[in-house]
Amino acid sequence: MIVVLAESALELVPRELWNHPVIQADAKRRGKKPGEILLDRARHHLAMSSLRDASKRGRPDIVHQVLLVFQYSLLNKRGLGRIYIHTQGDYTIYVRWETRIPKNYNNFVSLMEQLYATGRVPPKGEPLIELYKKDLSTLLRELGGRWVVLHESGVKKPFIELGAALLNSVVVIGGFPHGDFTNKWVLEKADAIYKIGDETMDAAQVVYRAITAAEVAAGLL
């Protein structure tokens, strides 16, 4: 199963916010320039009011939670999964299966800021995490040009059947807190759209259940 967390709410503070007092203060506190820190609604809420699509941005914690769920899963440890993070600004992050994601959120933030600064982590040697300028359409095309989406508008399938459908698929999941895909074609061109349960779930919960279903289908559980 290849998971693509699409339109994820992960980005550096955009240029139009660099001079805002909230951003200036946070950057000074951390000893960095405004353009070197992650946009985070928990700290930058007041600065984000005029930002385009503000409700979908500034939530790196979503990416953190998803990566913790995925990287420490049996599916990943057995080599049956890969994950790509497509972000605001059309960057794509690839995380190698053996990468240990920091469980501490502040350490994760520092790791992502290093990634944006250097394009890879670690800066030398074999990279564990890599950052590319690559839009969602290009990424999905490179992954085979076919995908399924987990979305609240989708068809509900029995858990075992869902796992079998996901195990050998590219699975697109929204990485934003509110709203829907800006790229409407993600749903329009999908091979299938499934939903997990009847309640709206956040991204980490969706990924957790998708992984579990795939693990059952693979005989890992």
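Cβ coordinates come from backbone N, Cα and C, glycine included.
What Swiss-Prot annotates here:
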type    : residues                                                       : note
SITE    : Arg59                                                          : site 'Interaction with substrate rRNA'
SITE    : Asp61                                                          : site 'Stabilizes Arg-59'
SITE    : Arg100                                                         : site 'Interaction with substrate rRNA'
SITE    : Lys103                                                         : site 'Interaction with substrate rRNA'
SITE    : Asn107                                                         : site 'Interaction with substrate rRNA'
BINDING : Gly174, Gly179, Ile196, Gly197, Asp198, Glu199, Thr200, Met201 : S-adenosyl-L-methionine binding site
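Structural mapping of features recorded in Swiss-Prot.
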{"residue": "Arg59", "record": "site 'Interaction with substrate rRNA'", "contacts (Cβ under 8 Å, 6+ apart)": "Ala9, Leu10, Asp40, Arg41, Phe176, Pro177"}
{"residue": "Asp61", "record": "site 'Stabilizes Arg-59'", "contacts (Cβ under 8 Å, 6+ apart)": "Asp40, Ala42, Tyr105"}
{"residue": "Arg100", "record": "site 'Interaction with substrate rRNA'", "contacts (Cβ under 8 Å, 6+ apart)": "Gln71"}
{"residue": "Lys103", "record": "site 'Interaction with substrate rRNA'", "contacts (Cβ under 8 Å, 6+ apart)": "Leu68"}
{"residue": "Asn107", "record": "site 'Interaction with substrate rRNA'", "contacts (Cβ under 8 Å, 6+ apart)": "none"}
{"residue": "Gly174", "record": "S-adenosyl-L-methionine binding site", "contacts (Cβ under 8 Å, 6+ apart)": "Leu5, Ala6, Glu7, His151, Asp180, Phe181, Ala203"}
{"residue": "Gly179", "record": "S-adenosyl-L-methionine binding site", "contacts (Cβ under 8 Å, 6+ apart)": "Asp53, Ser55, Lys56"}
{"residue": "Ile196", "record": "S-adenosyl-L-methionine binding site", "contacts (Cβ under 8 Å, 6+ apart)": "Leu150, Lys156, Leu162, Val206, Arg209, Ala210, Ala213"}
{"residue": "Gly197", "record": "S-adenosyl-L-methionine binding site", "contacts (Cβ under 8 Å, 6+ apart)": "Lys156, Arg209"}
{"residue": "Thr200", "record": "S-adenosyl-L-methionine binding site", "contacts (Cβ under 8 Å, 6+ apart)": "Glu152"}
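Following the DSSP three-state reduction, the secondary structure of Asp61 (site 'Stabilizes Arg-59') is helix. Under a cutoff of 8 A between CB atoms, and with a sequence separation of 6+ in the same chain, the neighbours of Asp198 (S-adenosyl-L-methionine binding site) are Lys156. Shown are the binding-site residues Glu199, Met201; of these, the residue with the fewest other Cβ atoms within 10 Å is Glu199.
Residue annotation for S-adenosyl-L-methionine gives Gly174, Gly179, Ile196, Gly197, Asp198, Glu199, Thr200, Met201. The furthest Cα pair among them is separated by 19 Å.
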